[in-house]
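Residues or ranges marked as topological domain 'Cytoplasmic' in Swiss-Prot (evidence: sequence analysis): 1-41, 94-117. Per Swiss-Prot, the feature topological domain 'Extracellular' maps to 63-72, 139-156. Sequence annotations record features per position, and here Swiss-Prot assigns transmembrane segment to 42-62, 73-93, 118-138, 157-177.
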């Protein structure tokens, strides 16, 4: 049997290290923190760039009186609402992690972010594509004077921009899971 000292049996007091003169208290740089990952400044900016176009898209679409006339437009409102809630939630989580200097590199957290980004980006892309198709159809039929084609186009474009901003988050998180 080996004589091994356990901290629970023989506690050892750790003396605090005195800071050196002129040293700045910064958290150490972690090599695996790639900008755009959860808990980084780049991730915070990506979440904001996902949230703002999604919010604009849902706001523009809801202010039209006839968006309920096509299922694709209703689907767009639903998908972009989900995207804006998801992005806002993760923006708040990223901001909190940056304020308290916590890492969000936990495997379960990154897996949750990856699945959520994948689901919301797929829904947003599908709804934006369907809305673009209906908008083109309305334009080709020459019914833009009756409908709100400009608003439909704006909402669809903002949904595509939001989807485009989700893609780097999803790819970085998926890459992190694959290399873990």
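From the backbone N, Cα and C atoms, a Cβ is placed for every residue, glycine too.
Owing to the predicted nature of the structure, the values given are computational and were not obtained by experimental measurement.
Listed stretches 42-62, 73-93, 118-138 were compared with the transmembrane segment (157-177); the greatest number of C-beta pairs under 8 angstroms is found for 42-62. Broken down with DSSP, the topological domain 'Cytoplasmic' (94-117) shows 17 helix, 0 strand, 7 coil. Broken down by DSSP into helix, strand and coil, the topological domain 'Extracellular' (63-72) contains 5 helix, 0 strand, 5 coil. Panel annotation: around the topological domain 'Extracellular' (139-156), residues 56-58, 60-61, 63-67, 69, 73, 76, 80, 128, 131-132 of the same chain, lying at least six beyond its termini, place a Cβ under 8 Å from a Cβ of the stretch. When the topological domain 'Extracellular' (139-156) is classified with DSSP, helix, strand and coil residues number 10 helix, 0 strand, 8 coil.
Within its own chain, the topological domain 'Extracellular' (63-72) has Cβ neighbours under 8 Å at 127, 130-131, 133-134, 147-148, 151-152, counting only residues six or more beyond its boundaries. Counting residues 6+ beyond its ends, the topological domain 'Cytoplasmic' (94-117) has Cβ neighbours under 8 Å at 27, 30, 32-33, 37-41, 43-44, 47, 86, 166, 169-170, 173-174, 176-177, 180 in the same chain.
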